Amino acid sequence: MAFLLAAGAGIFMRFALVSGDWYGLHFANVRHAHSHLMLFSWATSAWMILLARRFAAHGQDIKGMQICIRLSILIGSLTFIPFLFWGYTPARIGDVSVPVSIILSIAIIFVWYAFAAFYFRNRRLLVERLHLIDIAVIGMIVCTGGAWLRGVFVALKFADPVFADGAVHAFLTILTDGWLLLGLFGLVALRSGVAIPRRTVIAATIGLVLSFLVNLEAAPDAIRWIGAVSMFVFAVAALSALRALSGHISRFAYVALGAALLLRLLYVVPPIMYTIDGLQLRVTYLHWLYLPGISTLLLELSSVRGRRLRWFFASSVLLVIGTVPMSGLWPYLDSGALRPVGLTFMIASSFGPPLVLLSLLFSRVYKHRPIQQ
């Protein structure tokens, strides 16, 4: 349901960008509501559920994990309305200004800390090699440092773009690459009994730490080069881990994640980096990583198979293509004849993934419906 609500915000955002009518809302706030719900209540919570199931399969007590998961989904869902109407600014409740969005975001961080504590408590009881999952859970904790720093900068009204953007990118990069990407690889390895070489795990960890620096467009070149080298190391290590998992995940997730990591390798080449920055393709890339890549693998690990997995992947690819009119690439493609087609496709393509998940939800409800005598 969180995915469907977040997708609804994405559909509205595309419609508003085309029509120019935001119905009193603001682009930044709608974007925050969309992205936070997709991250908090969908991607991260789904990963936590899958990990808890693995522990349960080994006979572990997962009650603490289950409480954290429920809180993660609940609090993540509660962030939607505050972010939609107020973003990060305080909400006006009577004569009092309350930073509801920030309070809920802080609350979910403490839920992550609790989940990590339950993980390491149970992890000691298992003999399996969980190195990638260990790094993912550590990434769950470390990424929050960026969120805390961002909050401190806002409180101090410190607006230097390098530091402000650096805190945000540190949070998003470590969460996406360290927690979700490596965490999903770890779950596949655990499920399939694949041993990821220790050197691969070490290289991915070393590269992950400073890889966010490559995304800081306002930073001096020397800082971005450090990030580029780190990103290169991470991408090579992640590709090595992905290759070790070939045959254990669908070709859809394999191709999507492989392409995303190959793009990371290309991005560290200066001319390509500056071209991508100029074309503002980051949104397109993130949608590719999160939908055809991470979300497809999440569904696959949740036992979604066959045509619905194919439909989700195909519709996700179309949705990603639909982000092109929002990028700097669009002015080069925009023409009198193409413009209405492109803008219509931008809106229409956003319906695909939520419709596939809605059909999946209905099928599972119908499957478990009691038979009437």
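Note: Cβ is positioned from N, Cα and C throughout, glycine not excepted.
If you look at the transmembrane segment (36-55), the same-chain residues 6 or more away from its ends with a CB under 8 A from one of its CBs are 2-3, 5-6, 9, 62, 65-66, 68-69, 72-73, 75-77, 79-80, 83, 105, 108, 112, 115, 119, 122, 126, 133, 136, 140, 175, 179-180, 183-184, 187, 190-191, 290, 294-295, 298, 301-302. As annotated by TrEMBL, transmembrane segment applies to 36-55 (among others).
For 67-88 (among others), the entry in TrEMBL reads transmembrane segment.
Per TrEMBL, the feature transmembrane segment maps to 100-120 (among others). Within the chain, the transmembrane segment (100-120) has long-range Cβ neighbours (under 8 A, six or more residues past its boundaries) at 32, 36, 40, 44, 48, 51, 62, 64-65, 68-69, 71-72, 75-76, 78-79, 82-83, 86-88, 90-91, 133, 137-138, 140-141, 144, 147, 151.
Residues or ranges marked as transmembrane segment by TrEMBL: 132-156 (among others).
Taken from TrEMBL, the feature transmembrane segment covers 168-189 (among others).
The transmembrane segment annotation in TrEMBL covers 201-219 (among others). Within the chain carrying the transmembrane segment (201-219), a Cβ under 8 angstroms from the stretch's Cβ atoms is held by residues 131-132, 135, 139, 161-162, 165-166, 169-170, 172-174, 177-178, 182, 226-228, 230-238, 240-241, 267-268, 273, 277, 282, all 6 or more beyond its ends.
Long-range Cβ contacts of the transmembrane segment (225-245) within its own chain (Cβ-Cβ under 8 Å, at least 6 residues beyond either end) map to 132, 177, 181-182, 185, 188-189, 192, 194, 196-197, 200-201, 203-204, 206-216, 254, 257-258, 261-262, 264-265, 267-268, 273. As annotated by TrEMBL, transmembrane segment applies to 225-245 (among others).
Sequence-remote contacts of a segment are chain residues at least 6 beyond its ends whose Cβ falls under 8 Å from one of its Cβ atoms, and for the transmembrane segment (252-273) they are 181, 214, 224, 228-229, 231-232, 234-236, 238-239, 242, 245-246, 285, 288-289, 292-294, 296-297, 300, 309-310, 313. For 252-273 (among others), the entry in TrEMBL reads transmembrane segment.
As annotated by TrEMBL, transmembrane segment applies to 285-304 (among others).
Sequence-distant contacts of the transmembrane segment (311-333) (same chain, at least 6 residues past either end, Cβ-Cβ under 8 Å): 14, 17, 252-253, 256, 278-281, 283-284, 287-288, 291-292, 295-296, 299, 304, 342-343, 345-350, 352-353, 355-357. Sequence annotations record features per position, and here TrEMBL assigns transmembrane segment to 311-333 (among others).
When Cβ-Cβ distances below 8 Å are used as the criterion, the transmembrane segment (345-366) is approached by residues 1, 3-4, 7-8, 10-11, 14-15, 17-18, 291, 295, 304, 308, 311-312, 314-316, 318-319, 321-326 of the same chain, each at least six residues removed from its ends. Marked as transmembrane segment by TrEMBL: 345-366 (among others).
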